Amino acid sequence: MNEPRQYDSAAASQPNASSAESAESAESARDCACKSFGRLVLLRHGQTAWSESGQHTGRTDIPLTETGRAQAQSAGARILAEFPHGFDAGCVFSSPLRRAAETARLAGFDAGVLPALAEWDYGRAEGRTRGRLAELNGGSWDMWKDGPTALPASLEGEWVDTLPDGTQVTVHNGAGESLTDVYERVQQAIDAAVPLLGEGHDVLFVAHAHVLRILTMRWLGVDARAAKLLRLDTAHYSVLSVYKGDRVIERWNC
């Protein structure tokens with residue numbers, strides 16, 4: 001199998017993109033609104049063992065389940081029904097993580113790798129459920145409000161988890177990213193898409209539940225914490241676009 005193409009982010013924003021850069025990107029979208037502006041499609045990867053168990057799955061590179069692989073194929077068919085002409089070469093991007101790249105392939109898309117689409121680095125929360133983390137943090141903890149660094153530093157380290165099929169995966173618990181870190185990082189992905197969208201191309205991102213919802217907030221220019229209010233199921237897609245000069249959500253969780 002060919003190695004996935006790597007997106008060159010040298011010309012994109014740095015991780016700490018300023019609000020001015022975000023405004024410039026939004027202005028670019030408005031400038032192109034008079035043309036035929038493409039649509040940005042966001043596809044979450046298919047089911048994994050941890051998406052079923054509720055364990056936080058950030059940078060641990062686990063595969064799809066058999067159900068997840070079937071979901072990916074189904075998602076590809078649904079997207080092509082909505083976008084019968086497909087996506088032009090160089091207009092499909094995937095997170096570098098296996099579950100996203102595998103979803104793109106099974107859905108029938110040739111995806112380049114875009115590192116900015118990697119899932120939130122959950123740090124001390126990685127591989128653990130929300131309930132367990134609340135116990136370890138004195139009874140309460142919320143990813144959106146508290147973030148990984150609010151958890152005890154004693155949770156950092158490495159350990160091995162055994163998936164239901166017997167596969168063993170190494171889990172790394174570092175400091176992780178803050179919500180602000182992710183909100184700034186996804187601007188790089190938006191900056192990669194906007195020139196293509198402005199030329200009338202539809203663009204597909206294949207990635208993860210948290211990062212895609214946070215990217216949507218960045219697209220709209222609203223508080224990153226509002227992403228918590230959006231539901232995005234495994235192997236479901238959403239569509240972002242520009243309507244009358246404004247960035248909008250056109251469809252969600254399809």
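Yeah, the Cβs are placed from backbone N, Cα and C, and that goes for glycine too.
What TrEMBL says about this protein:
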REGION    1-24  region 'Disordered'
ACT_SITE  HIS45  active site, tele-phosphohistidine intermediate
ACT_SITE  GLU119  active site, proton donor/acceptor
SITE      HIS208  site 'Transition state stabilizer'
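Under 8 Å, Cβ to Cβ, and six or more positions away along its own chain, the residue listed as 'active site, tele-phosphohistidine intermediate' finds LEU64, GLY68, ALA72, SER95, LEU97, ARG99, ALA100, GLU102, THR103, VAL206, ALA207, HIS208, THR234, ALA235. In the three-state DSSP classification, HIS208 (site 'Transition state stabilizer') falls within coil.
Sequence-distant neighbours of GLU119 (active site, proton donor/acceptor) (same chain, six or more apart, CB under 8 Å from its CB) are THR57, GLY58, ARG59, SER95, LEU97, ALA207, HIS208, ALA209, HIS210, VAL211, listed in sequence order. Secondary structure at the residue listed as 'active site, tele-phosphohistidine intermediate', as computed by DSSP, is coil.
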